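Below you'll find the structure, written out as structure tokens, and then a few comments.
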Amino acid sequence: MDAFKQQLEQLSAKNQYRSIPDLVHQGRYIMRENRKMLNMSSNDYLGLASNENLRQSFLQQYGGNFPSFTSSSSRLLTGNFPIYTDLEELVAQRFQRESALLFNSGYHANIGILPALTTTKSLILADKLVHASMIDGIRLSQCEFFRYRHNDYEHLKSLLEKNAGKFDRTFIVTESVFSMDGDVADLKQLVQLKKQFSNTYLYVDEAHAVGVYGQNGLGIAERANVIADIDLLVGTFGKALASMGAYVVCDQILKECLINQMRPLIFSTALPPFNVAWTHFIFERLPQLSKERTHLEQLSAFLRQEVEHRTQIMPSQTCIVPYILGENEATLAKAKDLQEQGYYCLPIRPPTVPKGTSRIRLSLTADMTMDEVKQFVACL
């Protein structure tokens, strides 16, 4: 035990020790240690998670005869229910693709897809800043991989050219909206690059984009009009869609490969049907939420401008707004100060972000008002 204790002490010395907070949620507010704070750290981008009208409308349609609260098994055994197929068909239809497949979480999706679709003779080329879950999936793939410089497509092209013909298949892996900087990948350029090389597939994680961007809330791929050109388009239900789970839209042949070879899918008890029914209910309504998307973008543009004015740094183009302070100590102190003023802001430190870029990750939601954001800015 002494070795584990020493590890924790080392983390504390570097201001990198983490703990799970005790929280009480009250709509867009958080109660912590008897302090009520506006939640500036949530991924509930459309503000749906505490929408009581939506919740009541969903519950009333069942009249007490609710879907099962557990699947009790993997979908490949006895854990499949009609609502799973209903949701997969709805997602595929909305994206105008052949098929969709559900997963228990975005993490399950990202650690399972690449190992299922690659061989030891494959190559993965991933953006330097992809999420930890994608990195874990790459490591589990046991094939060759390189990380290209963040959003540097000339570097990516050089890696594609250098390795052309050497591997049985190549996967380009990126997020659309990056979770810590809030910047956006150029999906059109990535599609163009992919098409220049044979046996090359594009895998895009839209976790922080689905619901928020695109005319129908289908993400950056919809906004860029490239949905049909992305081989594996992953999204999550646990952020803007106020639910749990994830999906991939892809060709039917890839779906069948995942069903047969993806270990996190095969060996996990499936999501509760009740949860999947709620997801279906929310996903049906995505096209109707344009007012929320427009309001969120107005809030985001204002906050990005104000933070950039103070720090001279603003990589973001989205509702994820990094307030980059640099060192751990300054970031921890500022987060504490903002919490004392009534704003639940959390410090993000290495190894989550590169050394010297510690920041407060500000995350806006559509149920906030412009006055609330202006009052927050006055505290910066």
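Glycine is no exception: its Cβ is also placed from the backbone N, Cα and C atoms.
On a predicted model such as this, the values are computed, not experimentally measured, just so you know.
Copied over from Swiss-Prot, here are the features:
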- ARG18, HIS131, THR352: substrate binding site (BINDING)
- GLY106, TYR107, SER179, ASP205, GLU206, ALA207, HIS208, THR236, PHE237, GLY238, LYS239: pyridoxal 5'-phosphate binding site (BINDING)
- LYS239: N6-(pyridoxal phosphate)lysine (MOD_RES)
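Mapped onto this structure are the features recorded in Swiss-Prot.
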| residue | record | Cβ neighbours (10 Å) |
| --- | --- | --- |
| ARG18 | substrate binding site | 8 |
| GLY106 | pyridoxal 5'-phosphate binding site | 25 |
| HIS131 | substrate binding site | 19 |
| SER179 | pyridoxal 5'-phosphate binding site | 21 |
| GLU206 | pyridoxal 5'-phosphate binding site | 29 |
| HIS208 | pyridoxal 5'-phosphate binding site | 30 |
| PHE237 | pyridoxal 5'-phosphate binding site | 29 |
| LYS239 | pyridoxal 5'-phosphate binding site | 24 |
| THR352 | substrate binding site | 16 |
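Distance between Cα atoms for HIS208 (pyridoxal 5'-phosphate binding site) and ARG18 (substrate binding site): 23 Å, as a whole number. Counting only the Cα atoms, the space from GLU206 (pyridoxal 5'-phosphate binding site) to HIS131 (substrate binding site) is about 11 angstrom. Of the candidate binding-site residues, ARG18, HIS131, THR352, the one lying closest to GLY106 (pyridoxal 5'-phosphate binding site) when CA atoms are compared is HIS131. Of all the binding-site residues in the record (SER179, PHE237, LYS239), the one with the smallest CA separation from THR352 (substrate binding site) is SER179. In three-state terms derived from DSSP, THR352 (substrate binding site) belongs to neither a helical nor a strand segment and is classed as coil.
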